[in-house]
Amino acid sequence: MADQLTEEQIAEFKEAGSLFDKDGDGTITTKELGTVMRSVGQNPTEAELQDMINEVDADGNGTIDFPEFLTMMARKMKDTDSEEEILEAFQGFDKDGNGFISAAELRHMMTNLGEKLTDEEVDEMIREADIDGDGQINYEEFVKMMMSK
């Protein structure tokens, strides 16, 4: 799970973690956890915090070490691809703003992201996401594709 985080996210979480690891022993107490998460833009409820701690606090001592913290943050990040973020991503792909991502727009965006794809690979991506079979990806199809990753 933590292997899905970027190096930048890991560095950010390490900084956040060490910020609240007051005694420098490499662990974060349950009380500190909420503060840490809020500092990196997450906003968990008390119940969510408790659930997250219970999931990773293997020895039940109420503290979390850094690898456990990374795993937990990776889970949380995966769950919070907000609709707003997905809409922004869709709009980034939909260059002409017509509400659909064409093969050309997808190819253009993937090239910008450093992915050199063949026409066949682009067509395959469209086919996988194109539920209604019209040859392009609408917003609903894009959301389904993003949520399944």
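The backbone N, Cα and C atoms fix where each Cβ goes, glycine too.
Record features (Swiss-Prot):
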type	residues	note
MOD_RES	A2	N-acetylalanine
DOMAIN	8-43	domain 'EF-hand 1'
BINDING	D21, D23, D25, T27, E32	Ca(2+) 1 binding site
DOMAIN	44-79	domain 'EF-hand 2'
BINDING	D57, D59, N61, T63, E68	Ca(2+) 2 binding site
DOMAIN	81-116	domain 'EF-hand 3'
BINDING	D94, D96, N98, E105	Ca(2+) 3 binding site
DOMAIN	117-149	domain 'EF-hand 4'
BINDING	D130, D132, D134, Q136, E141	Ca(2+) 4 binding site
Looking only at the domain 'EF-hand 4' (117-149), mean pLDDT returns 86
Could you check which of these binding-site residues, D57, D59, N61, T63, D96, D132, sit within 10 Å of E32 (Ca(2+) 1 binding site), going Cα to Cα?
T63
Among the binding-site residues D59, D94, which residue has the fewest other Cβ atoms within 10 Å of its own Cβ?
D59
At a 10 Å cut-off from the C-beta of D23 (Ca(2+) 1 binding site), count the other C-beta atoms across all protein chains.
7
Binding-site residues: D25, E68, E105 - member with fewest neighbouring CB atoms within 10 Å
D25
What residues, ordered by sequence, lie under 8 A Cβ-to-Cβ from D21 (Ca(2+) 1 binding site) and sit at least six positions away in the same chain?
T27, I28, E32
CA pair N98 (Ca(2+) 3 binding site) / Q136 (Ca(2+) 4 binding site), Å rounded to integer, equals 11
Of the binding-site residues D57, N61, T63, D94, which one sits closest to D130 (Ca(2+) 4 binding site) when you measure Cα to Cα?
D94
Sorted by position, what residues of the same chain at least six away from E141 (Ca(2+) 4 binding site) have a C-beta under 8 A from it?
A129, D130, I131, D132
Around the recorded Ca(2+) 2 site (D57, D59, N61, T63, E68), other residues with Cβ within 8 Å of the Cβ centre, ordered by sequence, are T27, I53, V56, A58, G60, G62, I64, D65
Roughly how many Å lie between the Cα atoms of D134 (Ca(2+) 4 binding site) and E105 (Ca(2+) 3 binding site), rounded to a whole value?
15
All chains considered, the count of other Cβ atoms within 10 Å of the Cβ of T27 (Ca(2+) 1 binding site) is 18
Rounded distance in angstrom between the Cα atoms of D25 (Ca(2+) 1 binding site) and T63 (Ca(2+) 2 binding site)
11
